[in-house]
Each structure stands twice: as C-alpha cells, then as structure tokens.
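**Q** Just lifted these from Swiss-Prot, have a look:
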| type | residues | note |
| --- | --- | --- |
| TRANSMEM | 7-29 | transmembrane segment |
| TRANSMEM | 44-66 | transmembrane segment |
| TRANSMEM | 73-95 | transmembrane segment |
| TRANSMEM | 100-122 | transmembrane segment |
| TRANSMEM | 149-171 | transmembrane segment |
| TRANSMEM | 175-197 | transmembrane segment |
| TRANSMEM | 218-240 | transmembrane segment |
| TRANSMEM | 260-282 | transmembrane segment |
| TRANSMEM | 289-308 | transmembrane segment |
| TRANSMEM | 313-335 | transmembrane segment |
| TRANSMEM | 348-370 | transmembrane segment |
| TRANSMEM | 375-397 | transmembrane segment |
Amino acid sequence: MRNSNRGPAFLILFATLMAAAGDGVSIVAFPWLVLQREGSAGQASIVASATMLPLLFATLVAGTAVDYFGRRRVSMVADALSGAAVAGVPLVAWGYGGDAVNVLVLAVLAALAAAFGPAGMTARDSMLPEAAARAGWSLDRINGAYEAILNLAFIVGPAIGGLMIATVGGITTMWITATAFGLSILAIAALQLEGAGKPHHTSRPQGLVSGIAEGLRFVWNLRVLRTLGMIDLTVTALYLPMESVLFPKYFTDHQQPVQLGWALMAIAGGGLVGALGYAVLAIRVPRRVTMSTAVLTLGLASMVIAFLPPLPVIMVLCAVVGLVYGPIQPIYNYVIQTRAAQHLRGRVVGVMTSLAYAAGPLGLLLAGPLTDAAGLHATFLALALPIVCTGLVAIRLPALRELDLAPQADIDRPVGSAQ
C-alpha cells in the first residue's frame, strides 16, 4: 500500500489532534477563570455543567446531522462555531473589560463551545473505517491510533493551558483554543475520502426526530451496545466531576495551575500508551476482561486519590487510570463499526456519545456543593465507591461476552433488525 493512501487517515488524525487539544486548553482555562474570580467549587461546577448540559441533545442531533449533511461539511462547520465561541472570551474582555468576563458569560460561552463540539467529533469518528481501508489498516489499528491522538491532545492541551495561564492569564489563553480549531478546519478542508461528502438522498435520515429515533432504536435493540452505553453513562457521571471540579479545586487551593495540567497530562499519557497498545492487546486479552478491569481500576485508584496523597502519587494513579482506560473507546468504536451500517454510523456514534453525557450535569452539580460542604476527601470517596461497584457488576454481565464474538449479521441490515 502506497504512503499516499494514508493521507486521509493522517488528515483526520491531525484534525482530531487540533480540535481535541483546543478542548484540552478549555478544560483547564474555563474552571480556572471561575475559581480565580470566585474561589468556589460550586461556581466552577456551574460552568463545568454548562459545558455538559448541551451535550446530551447536541450529540443526538450531531449524529443525524452527520448522516444528513455529510461528514466533511459537518466537521468544518462545527469547528468554526466552536472556535468562535471560545474566542468570545477574549473578545468580551477586549470590548467590555476584564470584569465583564463573569460566571454567566463564561457559562454561556462554554455551553456554546460544547454544543458544537460533538458534531465535529462524530463526523471525524464516522470517517475512520473508510480512512482505514484507504490506508490498508485494520479497524483495531485506526481505532487505537484515533484514541491515542485524543489522549495526546489532552496531554498537549492541558499542558499548554496550564503554562499559558501561568504566563499570560486565562483570558488570553483562549486564543490558543480558537487557533487549534482553525487548524482542524484546514486539515478537513484538504480531505478527499469516499463517504465523506453529502450522502445520497435515499440513505439520508428523513428528519431530525426520525433520525434520532433510528439511532436510539438500533442501540437499544443491540444488547451489547445498550450495556456499554449504560456502563459508560454511569462511569462518566461519577468520574467527570473529579477531573472537571475536584482536581481544579485541589490545585487552585494550592495555587498550582501548572500541576493541574500535569495531573491531567498523566491521565492522558497513560491513555495514550493504553490506546497505542490496544491492537496488540485485543489479540491476547478478551475485550470483556479489558472492560471490567478498567472500570474496577478507575474506582480503586480514585479511592486512593481521595486521601489526597502527595502529587507524585496522584500522578502515578492518574497514569494508571489512563493506561487501563485507553483501550475502552477503541472497543466501543469497533463494536459500532462492525454492527452499524455505513449510512447509519453517524447516528449510532451520536447516540453512544450522548449516553455518556446524559448523567454528566447531575454529577457535576452534586459534586460542587458537596465539595464545598464536605471537602475533597469525602467527595472523592462518594464518587469512587459507586465506580467500584459498577466494575464488580460488569464482571458478571452476560452481554459483555458479546464483545469477543464476531458480528452475527451483515452490517447493512435494516435499522430495526438488531438483536
């Protein structure tokens, strides 16, 4: 296979790196701006929740939009709108003064940026099988590379975010995010790939509601996808407040923005190694074992972090969490790609992503006030224990055995025929 055939894969991976790196900067910058002004974990959780509230609906709409308008077009438009939203922070400060960048403004702009992000991510995710075919790669290889790129982005993003906050301030740092989205747009603009353009009218969704319903019906009828979605929903709701509220609160209290970036980098670094090793791991270790081990390890590591050990210990635990969780999203992608028809893929990706975000706002809104009232130690424990229980339950779930079985039916079957 000629190297030129790898061009589409590399363009998609580069665009993913840029967009996700911009998001990584925002993960640090938005909560830091709030904590710097208000000093309250509860206020920071409001902004973090604002980024989550649009995601459930946005991911559902994104999947239908991708299957209707086309993957390439949706990716570029979504990145343009996300970039404009984050650029609004320094623009508001420039036009009305730094005091105008209050909690309400940050919450609105964070929500807008988050609302458009899922469409770009879904569009790029949906192009992976065709890019793999052009490059001569297996699905496991491109899924592992894609997840590794996401983790690499969240190494680069938070690190740049923490360093830029420490040097030029949180408001100016937002220009980094806008620039990253611009580079993502340029990469996808250069992409030429079958299936990336506007779909034929016979295969497009008939409407927004019917398109969402088709995706939901497919996921619900396929037991393995339904089970994976429920596990992801639970774990995300419990873990997300740790990364979005508890870690920023801990490091803000200690005036250590750079260390916050390092902690998030440790998670992403472990995830990078885990994702890169997924193609080899999938041959030797059952996917069901990988899944259960990841959830259990996440819960146990979070329980140790609850005792607020020294920073090097926290870093090691974060790296371990990332390492065991690195293969999880490639497993999700593999199941979707081998069971969903090409014309339905965007909707299925959107539904699976939306399930992960469904309980996010509730977890974030509870974590902030609980942290202010009971402290970081108690809140970490309150979130970690249910994750451990979820991992114990996952060990015995019969549906997860299907992760290691070949698909029983052709992926071009009708939407309602999943079993």
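Heads up, the Cβ atoms here are built off N, Cα and C, so glycines get one too.
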**Q** So which residues does the transmembrane segment (289-308) touch in its own chain, when a touch means Cβ under 8 Å and the partner is 6 or more beyond its ends?
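**A** For the transmembrane segment (289-308), the far contacts come to 228, 231, 235, 239, 242, 250, 281-282, 314, 317-318, 320-321, 324-325, 327-328, 331, 376-377, 380-381, 383-392, 394-395, 400, 403.
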**Q** What stretch in 7-29, 100-122, 313-335, 348-370, 375-397 has the biggest tally of Cβ pairs under 8 Å against the transmembrane segment (175-197)?
**A** 7-29
**Q** Suppose I define contact as three or more CB-CB distances under 8 A, residues 6 or more apart in sequence; do the transmembrane segment (260-282) and the transmembrane segment (100-122) meet it?
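**A** Result for the transmembrane segment (260-282) with the transmembrane segment (100-122) is no.
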**Q** With Cβ-Cβ distances below 8 Å as the criterion, list the same-chain residues six or more beyond the ends of the transmembrane segment (218-240) that contact it, or say none.
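**A** Here the qualifying positions are 52, 291, 295, 298, 302, 332, 335-336, 339-340, 344, 347-348, 351-352, 355-360, 362-364, 383-384, 386-387, 390, 394, 397, 399-400, 402-403, 415-419.
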